[in-house]
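Annotated region 'Carbonic anhydrase-like domain' per Swiss-Prot: 1-214, in sequence order, evidence recorded as a curator's inference. According to Swiss-Prot, the feature repeat 'RbcS-like repeat 1, SSUL1' maps to 226-397, an assignment based on experimental evidence. The disulfide bond annotation in Swiss-Prot covers 261-279, 377-395. As annotated by Swiss-Prot, repeat 'RbcS-like repeat 2, SSUL2' applies to 341-425, with the evidence given as experimental evidence. Here Swiss-Prot flags 431-457 as compositional bias 'Low complexity'. The annotation repeat 'RbcS-like repeat 3, SSUL3' is assigned in Swiss-Prot to 453-539.
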């Protein structure tokens with residue numbers, strides 16, 4: 001380690017070496033490359049990546065915390081002015097907390113006493129001292145005034161949004177302090193670092209503004225509610241929404257037949273969390289999901305599973321929201337519950353784009369729908385979520401009174417990976433139908449049959465769910481040429497209403513049509529329409 005009084009600089013053809021103060025704690029498997037200057041009292045946990053390999057220095061101020069999985073990178077061009085009036089790619093002030101999986105990408109400035117929540121991103125932005133950025137937020141191309149609060153899921157990309165952010169409250173600081181905790185680290189400079197994984201906890205960098213303990217410490221530490229659930233509840237309440245819950249046993253969960261729990265009338269955070277705890281206890285051994293409810297429009301703005309029968313909860317709530325308001329309680333145009341797109345469609349589009357797929361649409365009038373003669377809509381070239389959702393809204397408006405289905409497209413293989421009906425002229429598309437329509441997932445074999453002919457759990461579960469809702473099962477086949485033009489050939493509907501009868505019949509179809517595409521069809525016999533399409537075999 002270099003002398004504490006000097007900072008190494010890059011020589012010809014060689015990156016500068018990081019400077020780490022002897023009083024800093026850096027985990028042995030953290031990755032620190034380039035001209036990174038880490039001050040005294042800084043704690044860098046396992047899996048942190050700090051890479052200053054583009055020629056400009058990074059500064060991490062005293063007593064800051066970087067939790068597991070945090071990433072700090074920079075660009076070759078673009079600088080920020082640090083508190084010492086020098087140019088940096090990334091400046092992180094004193095007592096800053098950067099939590100798990102957060103990304104700070106330079107040029108970026110974080111003032112003293114800032115907090116950045118799980119999986120949030122700060123890029124090309126200045127964040128004023130004392131600001132709190134909650135979970136899964138994006139802050140880009142803006143300057144946030146000191147002491148502002150960025151709610152979970154917010155997308156702050158215009159200065160107008162940044163200027164309207166609310167001020168941080170004492171309970172926000174207390175919650176941030178509670179989340180930071182005291183993660184153990186391994187000090188590189190300690191000879192026994194590789195053997196000793198324990199360190200003495202030190203005070204957290206963010207102090208509560210009130211001596212009174214808050215709801216967070218009472219519930220997150222001892223109850224069933226995770227910190228992400230508590231954060232989401234607080235965010236929803238701050239935006240004026242009500243909190244609700246639903247529960248389902250394993251049988252009802254498979255068919256998405258949720259039952260409402262006792263309504264939560266209170267808007268007091270402490271009382272709401274207490275009632276949520278009671279709900280989880282009352283329905284132990286069942287699935288429970290959290291709801292955010294807009295009482296003005298009488299619609300849901302958020303859904304997330306918060307309990308499973310085995311007592312576990314999802315690692316992250318990030319992929320489950322129905323629609324999350326961003327900024328100062330305002331919803332983005334594409335996620336608005338008053339728009340044409342349902343919450344589940346918005347979520348599915350987000351997931352498909354995250355996997356690198358393109359989005360497409362097809363439409364059909366009632367006559368063409370009966371013969372599955374879909375017509376392609378104008379292609380959506382963008383991969384930006386906001387633009388894609390806006391174009392989907394336009395497509396639904398343009399083809400009002402027709403059937404419209406959403407497509408997920410793998411541009412590399414020029415094949416579809418997802419199909420779902422998102423507009424039905426005869427009424428709203430139910431959540432079960434939207435959820436039951438995937439063609440395939442990111443793993444091509446996840447919705448196929450195994451080599452010995454037995455069905456995968458995904459396909460068997462799909463069949464079970466459709467039969468449980470009273471739907472009939474059919475199949476369609478296509479060779480490679482017909483598949484490219486979506487010219488499927490229908491097979492006779494499968495007789496039988498039991499899983500034991502239908503699954504063997506499907507296996508026979510797959511054997512008979514080896515070397516062809518085969519897709520499963522769920523049919524509503526009462527309405528004489530399709531409710532699900534699922535690709536179960538590829539050549």
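Here the Cβ of each residue, glycine as well, is placed from N, Cα and C on the backbone.
Feature map: Swiss-Prot annotations on the structure.
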residue	record	DSSP (3 states)
261	disulfide bond	coil
279	disulfide bond	helix
377	disulfide bond	coil
395	disulfide bond	helix
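For the repeat 'RbcS-like repeat 2, SSUL2' (341-425), the DSSP-based tally of helix, strand and coil residues reads 31 helix, 26 strand, 28 coil. Cβ-based neighbour count (10 Å, all protein chains) for residue 261 (disulfide bond) stands at 20.
Between the CA atoms of residue 261 (disulfide bond) and residue 395 (disulfide bond) there is a gap of 37 Å. If you measure from the Cα atom of residue 395 (disulfide bond) to that of residue 279 (disulfide bond), you get 41 Å.
Residue 279 (disulfide bond) sits 45 Å from residue 377 (disulfide bond), taking the C-alpha atoms as the reference points. When other Cβ atoms within 10 Å of the Cβ of residue 279 (disulfide bond) are tallied across all protein chains shown, the result is 21.
Take the CB of residue 377 (disulfide bond) and look out to 10 A: across all protein chains shown you find 20 other CB atoms.
Cβ neighbour count for residue 395 (disulfide bond) (all protein chains, 10 Å cutoff from its Cβ): 22. Across the repeat 'RbcS-like repeat 3, SSUL3' (453-539), DSSP classifies residues as 31 helix, 26 strand, 30 coil.
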